[in-house]
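To start, the structure under review is shown below, and the notes come after it.
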């Protein structure tokens, strides 16, 4: 009975009053059916209307998803960023380039090739100054298949851009995209840009190396590689094993004499960084240095003067004249006595600085001896040359490097070969073949015998003087390997590439152990600190970056040059860094200060990195090709 009353009360509460109580069961059932029918019709009408609305929205979205929409939304975004407040404009402008790239690739992916070309040509000039090389590669993406086949396009497509921006700039950007209903731009920003939002005002440091970096697959791989352990110290070897017991006694005597003379100096030099560096064992088997050179090496150690911000080096400039579009490279021997130049006519020329400027009638010129061919002495008009001419390459010579003792010189060329020359015999000894394309750079190891090369074939290779085939091949860069540099302990080499990255390789295993990401253009020069802890790299834009090899992070960007930096060189104790640029200047930087300033202090001071330049030495009107810090002074070639 209680159950029946419960059901009746439920029906009554859903009906229209007491009239239903007096009706019979048939009328009650009919009323309930009518009520359910009306409710079902209302729901069906609602579903049909909702479906029609969604269909209209989808139709509208499909009709508006046209190539013209990419062009119009990007044009408006570009106009808005350029008209924003000067305080936030630099941060907002950084968004344009990744959006531009992905707009173009989206149009190509959808098959709108002609519209993509029109879009690319319309806004290309905005990014030409900073990203000219990337734009040249991007211009070659002309079909959807290229997005998968071309490594450059595939990497951009699969990765994100990590972009630092302040909180207010981020809010301004998002608010604009939502208010203007720029759904295409908003989708690209959400999919391909990762904003690292920081509180407070936008950073006043425009040269922050980590403002714009590539993340995603590439960055994840780099982070994983950078976790590997490396040993950055200097070589630990016994003097008696390397030079003999006689050298040990002589070295102790020279060290004692140097300590005694140091007390008489007015300016006390800073402690050498290499003296406190950890000692590691070289994994390369090294030949025994001849005993006849032990005296000169130890004398160099005795005469070496420590440099610092209080004791800057003197500078000697040497200028090549009448070499417009002819000189490709230059090199200075470790003691500064020889200078080499590589030329577009496939020749290599070596000058002896001790004989430079002397009258030809009163002195014996370089290469003038009974065993040397006459063409090494006489010029085309029968006039004696002031240099030694080495001929053998069949293409322009792009790099030259002296052995530590100066008795050999290596040259690399567009003919894909590397040649070893003797500066005593004035002759070619070996021709090394292995690269498939032009060889951009070659460098002797700090202890000689081994050398490394960098090529257009995207590889770097390790060689030894007594073998004609490479010992190791380092492959991994996405573009040309433009420069190479040995670590102080000879266990690693660093390579700089047109893909804007620097890699550190283990010589023994051929494995990449560090990837340094931060440059915005191709890497042109590298230098290792004498203690092996830091590496300096310079790019086409004139930016120099100091890296900590242990962590793989940028310690400090050094800004000051306004053109390509062709050469870098550390002082012998590592406290100073010299840089030579196409802006016709040599700059000397305080490495000690640069590596101690924290990022927080840099943001507070804003321009602290510019104050680390101790001195700027301008040339008259010639770019600087090569630098060498030689004990008491610095040599520069222009």
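Using N, Cα and C of the backbone, Cβ positions are placed for all residues, glycine too.
TrEMBL entries are annotated by machine, without manual review.
Look at TrEMBL and you will find 65-193 tagged as domain 'TFIID subunit TAF5 NTD2'.
Sequence annotations record features per position, and here TrEMBL assigns repeat 'WD' to 320-353 (among others). Predicted-model confidence for the repeat 'WD' (320-353) is 88, expressed as mean pLDDT.
Among the features that TrEMBL reports, repeat 'WD' is placed at 390-422 (among others). Long-range contacts of the repeat 'WD' (390-422) within its own chain (CB-CB distance under 8 A, at least 6 residues past either end) are made by residues 293, 328-335, 337-338, 340-350, 428-433, 435-444, 446-448, 451, 453, 455, 463, 465.
Per TrEMBL, the feature repeat 'WD' maps to 432-473 (among others). Panel annotation: around the repeat 'WD' (432-473), residues 235, 282, 284, 286-287, 395, 398-405, 408, 410-420, 479-486, 488, 490, 493, 495, 497, 505, 507, 510 of the same chain, lying at least six beyond its termini, place a Cβ under 8 Å from a Cβ of the stretch.
Sequence annotations record features per position, and here TrEMBL assigns repeat 'WD' to 474-515 (among others).
According to TrEMBL, the repeat 'WD' annotation covers 516-557 (among others).
The feature repeat 'WD' is assigned by TrEMBL to 558-599 (among others). Counting residue by residue with DSSP, the repeat 'WD' (558-599) contains 7 helix, 19 strand, 16 coil.
Long-range neighbours of the repeat 'WD' (320-353) within the same chain, counting only residues 6 or more positions beyond its ends whose Cβ lies under 8 Å from a Cβ of the stretch, are 300, 365-366, 386-391, 393-402, 404-406, 409, 411, 413, 415, 421, 423, 625-628, 630, 635, 637-638. Residues in the repeat 'WD' (390-422) partition by DSSP class (helix H, G, I; strand E, B; coil) as 0 helix, 20 strand, 13 coil. For the repeat 'WD' (432-473), DSSP puts the residue distribution at 0 helix, 22 strand, 20 coil.
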